Amino acid sequence: MGACNITVLLLVIMLWLPHGLSMGNSCSASVLEARRFFELENEQLRRRFHEEFLSGYNYNTNVTEANRQAMIDVYARNAELNKRLAQQIKASDYIQSEDADIRRQAEHLSKLGASALNADDYLALQNAISSMQTNYATATVCSYTNRSDCSLTLEPHIQERLSHSRDPAELAWYWREWHDKAGTPMRENFAEYVRLTRKASQLNGHRSYADYWVQFYEDPDFERQLDATFKQLLPFYRQLHGYVRFRLRQHYGPDVMPAEGNIPISLLGNMWGQSWNELLDLFTPYPEKPFVDVKAEMEKQGYTVQKLFELGDQYFQSLGMRALPPSFWNLSLLTRPDDRQVVCHASAWDFYQDSDVRIKMCTEVDSHYFYVVHHELGHIQYYLQYEQQPAVYRGAPNPGFHEAVGDVIALSVMSAKHLKAIGLLENGRLDEKSRINQLFKQALSKIVFLPFGYAVDKYRHAVFRNELDESQWNCGFWQMRSEFGGVEPPVFRTEKDFDPPAKYHIDADVEYLRYFAAHIFQFQFHKALCRKAGQYAPNNSRLTLDNCDIFGSKAAGRSLSQFLSKGNSRHWKEVLEEFTGETEMDPAALLEYFEPLYQWLKQENSRLGVPLGWGPTGKIPSDCCGTFST
């Protein structure tokens, strides 16, 4: 029957059935009791989540020691309650229940994570993490031109210089200043973090914290799939890397950029070298075809930060999805305040109560933030769509899905077709040279990110699994960045330095392979939605993936809503198949999207005689660890 809420009727039928006949046990008394138990516990869990995210938001939007301590106190108190719940579940037979939903809830709620630690260790771990976060949020560096001014922050000051300066010495200065201030002082905190997460993982029955993270993909083969996917994408990246290195050499000369080898990260317009599109002016494929200056057009039309978020809200509403609730507008932090320190790193928040969803980011009016706004609103829409799920299921079934949903909307929003529709572009269809330019610009973020996203957790996995000795933690990091992505620090780094915590997600204990996976899944999602919207057809030059805009498609919106509303209630392969027809992470859609650019790069590199590939970096001690090839 499937409707277990008709309890009395079912009990009567079960009594009536002749002995020996079976109608299944999905509504047995034990199942009904278990459902009542999980219903009550999910409500308590929801309240704990609300309290935790509220304290976390208060800290992130007002970085003070008092708020940090208040956040830790909430986490510690709830950790004990989560531990008791997990122990209660393990002491029962819920994990062996004949009901699949009860088994899934029991399995998820038994995953304690750091809560498995004793109270003192848990507090020590939270102090280590929050200390790294505080240092990241409050770090400032000295100006290259005025060394007595040491008040420069990452955003907007340092990033502005990385984006616009073409002086290699100035760029290396800011790179080193940031890593020396945001990274190196945090080595002891990071070591404590590694020690305690390893202890927590073992208490949870895992060999390492890496294995604890990987379990959330619910696929014992997932790491191998990631390795295989990276190998499939590497030929494209090598073409892009070779072309960019060639153009950097043309601009800076051989003393700054040799013909072969690794690219100094400081030359790439981004502190971590995870996106290179700030240097587009140096290596645009067809410079005679200028890019549309979306920022200039926004300023001309009087765009505001509020306008960016209103456009994002309208996009989702055009799909028949939920509007942003009034509380979003009243309680979000959308611009940098002048009266306090905040964590400016953009993030979306679900408070698990009354559709209370918010965004925290220091938004500015430009094309980058236009993209980020739609990405973060994708997270918000995910929260709203699965809001009716019990607390244990209010999340994505695959860690990569949440990030992919944010990006899949942005793929449509940044298309020429959509930019024309909202009045930021005159022509909604690009000629072939302009199309190559646009794909190249996107590749400088989408393709360039992949080796970085891959390396961050390959590094942490090696640390967590004790495969990388602590005496080589820093050189091992740069060994991986070089080996997987062909980039290196602009200055020599030793074990007296410690650079990984100069990246926010490492400080904040955020698993990072989700971002690599998201860069693959988003194109699978995009292709499925474009088909639903009638905006894509194979081998049709007018209906291509790179100029698809699903705006206004109720069919695409229904499909996306159904996908999102399931939350984490089912295995990701099941919901992926219903949404896209596929059951695995597959880079085919991404490669199809960028195929015209890939062919152009191969031809152009061949014509120019561009060398491809790179050797080991010379910016770390020669006796560092061996290679990490997958």
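Every residue gets a Cβ built from N, Cα and C, even glycine.
Summarising the annotation, TrEMBL assigns active site, proton acceptor 2 to Glu376. What TrEMBL lists as active site, proton donor 1 is His505. The chloride binding site feature in TrEMBL is assigned to Tyr217, Arg514. Residues annotated as Zn(2+) 2 binding site in TrEMBL: His375, His379, Glu403. Residues or ranges marked as Zn(2+) 1 binding site by TrEMBL: His375, His379, Glu403. Marked as disulfide bond by TrEMBL: Cys142-Cys150, Cys344-Cys362, Cys530-Cys548. Annotated N-linked glycosylation site per TrEMBL: Asn62, Asn146, Asn330, in sequence order. What TrEMBL records for 1-22 is signal peptide.
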> Are there any residues in the same chain, six or more apart in sequence, whose C-beta is under 8 angstroms from the C-beta of Asn330 (N-linked glycosylation site), and if so which?
Replying inline: none
>> Going by a 10 angstroms cut-off between Cβ atoms, which of the recorded positions Glu376, Glu403 has the sparsest surroundings?
In response: Glu403
> Which of Cys142, Cys150 has the fewest nearby Cβ atoms, counting only those within 10 Å, among these disulfide-bonded residues?
Replying inline: Cys150
> What's the CA to CA span in angstrom from Tyr217 (chloride binding site) over to Cys362 (disulfide bond)?
Replying inline: 32
> Say you check the Cα of Glu376 (active site, proton acceptor 2) against those of the recorded positions Glu403, Cys530, Cys548; which is nearest?
Replying inline: Glu403
>> An 8 Å radius from the center of the His375, His379, Glu403 Cβ atoms defines the neighbourhood of the Zn(2+) 2 site; name the other residues of that chain inside it, in order.
In response: Ala348, Glu376, Gly378, His402, Ala404, Val405, Gly406, Asp407, Ala518
>> Roughly how many Å lie between the Cα atoms of Asn146 (N-linked glycosylation site) and His505 (active site, proton donor 1), rounded to a whole value?
In response: 30
